[in-house]
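One structure coming up, written as C-alpha cells, with questions to follow.
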Amino acid sequence: MSEPRFVCLSLGSNLGNRFKNLQIARTLLGEQAVLGLRSSVILETEALLLPGSPPEWDLPYFNSVLVGETTLSLRELLVTIKQIEKVVGRAEESPPWSPRTIDVDILLYGDESFCCDHTEITIPLSNLLSRPFLIALIASLCPYRRFCTQGSPYHNFTFGELAHHLPSPPGMIRRSLSPDTMLMGVVNVTNDSMSDGGMFLDPEKAVAQAEKLFTEGAAVIDFGAQATNPKVKQFLSVDQEWERLEPVLRLLKETWSNRKQYPIISLDTFYPEIILRAMDIYPIQWINDVSGGSQSMAEVARDCELSLVMNHSSSLPVDPKNILSFSVPIGEQLLSWGEKQLKMFSDVGLNANQVIFDPGIGFGKGAAQSLATLYEIAKFKRLGCPILIGHSRKSFLSLFGNHDPKDRDWETVGLSILLQQQGVDYLRVHNVAAHQKALSVAACEACAPI
C-alpha cells in the first residue's frame, strides 16, 4: 500500500434530491477512497452554461469540497470516483454541461507541486480558476495550501490569497447550507396544531408551503393531517385523516411529478392504511410514525420499500401523566426502547437501513426530560441508524420563557446548533430558512482550516 497523499475533491449536483446525492457520494468516498475526510459547507450556485444551452439545463447546483488523504494512485482514484458516480445515479453518456445527479472532480492531489496534464484528468483541475466558489471552499478548509501551476499569474498563491483576488461575482452564490444535518420541513394539514393550526388545510396552501420549505433548503417535507399535541383528546379516523391528505397528494402529483429537483416526501401518520392509499397517488419515501412503529406499519414499510421513522411515545393521545421514569437516565430508557423496536422490525424483515430513530421530544416526557434527551445523541448512535429530532416550537421550550409556540423559533435554532454539533442526521423544523442560515455558519466550526 502506498503512502497516503493529500487529495481535494469537489461534489456537485443539480438533479434529484441534491442533499441525498451529495451525502451518498461523500459516504462512499469516505468508505472507498478518502481517509480523514472533511467537508466544507454546501454552496448553492447558479448553473454555469455555455451560450445556447437548453433553458431546461439552467438548474442551480449544490457544491461542496472534500479534503483528506488517499492511498490510491491518481488512476485508481479516478476509476473509483466513476464507479461512485454511477452508484449515485449519474448517466454514463450525459452531454457536457448538462444537469447531473452527481459530479465528482479531483481538484488537487499529492503535494503542492504535483501537476498532471492528461486527456482524462488535469491536476490542478483545468478550470479551477473559473470556479471562484470552489476556490472559496478550498480556502475555508486549507487556506495556506498553494496553487502551483507554472505560467499562471496566480502560481504559488495560497488559496486564501486566491479567494481574496478571485471572489465570486454577485449573484453566483445563492446561499450556504449545512453539509451534515438535513432539515425536515413541516406541513400541518390540520386545524389544531399548536403553532400553525388551520393555516394549511387548503390543498393549494399546503403545497405552496411545501414548495416554500423546499426552496428554503428542506431535504424532507413531512405532511401530516393528524395533530398529536397534548390538547388533542380524540384522533381522526382513517377516513377523516385521508379526507384531508388525499387532495394534497393529488395536487402534489399534478404539480411535482415532473420536477428535476425534489425533496423526500414523508407522511406523518400512524395508520398503515393511509400509507397504502397514498402510495397509489404519490411516491412517498418516508413514514413518520409517532406511535413508534407497529408491526403492521413495519410490514408496510418493508413491502413498499419505505424508510420508517420510529418515534418514541408513552401514550397516544398524549397523556401528560404518562411519562418515563425520573429515576433511570432518560437516554438509557430510550436506548432500550429503540433496541426492542429494531429487534421487532428485524423479525418482520425490515432492514435496519430503512429505520430512522426519533426519541420523541414531548411524547411521554416532562419538559426537563425532553431537554435532557437532547444531550444523549452519542448514546442513541449505538442503535446504528440515522437520528431525527423533532423539537421545533414544542412546549418544553417554555423552560426558556413563556412564549407562544409560533414565537419559539430562536430557542429551537439555538438547540438545533447543539444537535448538529452532536451529529444528528435530521431535524424536523417549522422555520427552515432560519435554520439553514444558522446551521451553515455553525458548521464552519467542524470544517475549520488546517
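Cβ coordinates come from backbone N, Cα and C, glycine included.
For reference, Swiss-Prot lists these features for the protein:
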BINDING   Asn188  Mg(2+) binding site
BINDING   Thr228, Asp268, Asn288, Asp358, Lys394, Arg428, Val429, His430  (7,8-dihydropterin-6-yl)methyl diphosphate binding site
DOMAIN    181-440  domain 'Pterin-binding'
REGION    1-166  region 'HPPK'
REGION    183-450  region 'DHPS'
What's the CA to CA span in angstrom from Asp268 ((7,8-dihydropterin-6-yl)methyl diphosphate binding site) over to the residue listed as 'Mg(2+) binding site'?
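Between the Cα atoms of Asp268 ((7,8-dihydropterin-6-yl)methyl diphosphate binding site) and the residue listed as 'Mg(2+) binding site', the distance comes to 9 Å.
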Pick out which of the binding-site residues Asn188, Thr228 has the most other Cβ atoms within 10 Å of its own Cβ.
Asn188
What is the biggest Cα to Cα gap, in Å, among Thr228, Asp268, Asn288, Asp358, Lys394, Arg428, Val429, His430, the residues listed as binding (7,8-dihydropterin-6-yl)methyl diphosphate?
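Pairwise Cα check on Thr228, Asp268, Asn288, Asp358, Lys394, Arg428, Val429, His430 gives a maximum of 17 Å.
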Looking at Cβ-Cβ distances, which residues of the chain lie under 8 angstroms from Val429 ((7,8-dihydropterin-6-yl)methyl diphosphate binding site) while being 6 or more apart from it?
Leu183, Met184, Gly185, Val186, Ser392, Thr412, Ser416, His435
In angstrom units, rounded to an integer, how far apart are the Cα atoms of Thr228 ((7,8-dihydropterin-6-yl)methyl diphosphate binding site) and Asn188 (Mg(2+) binding site)?
11
Under 8 Å Cβ to Cβ from Asp358 ((7,8-dihydropterin-6-yl)methyl diphosphate binding site), same chain, six or more residues apart: give me those in sequence order, or none if nothing qualifies.
Asn288, Val309, Met310, Asn311, His312, Ile387, Leu388, Ile389, Gly390, Arg428
Could you state the whole-number distance in Å separating the C-alpha atoms of Asn188 (Mg(2+) binding site) and His430 ((7,8-dihydropterin-6-yl)methyl diphosphate binding site)?
10
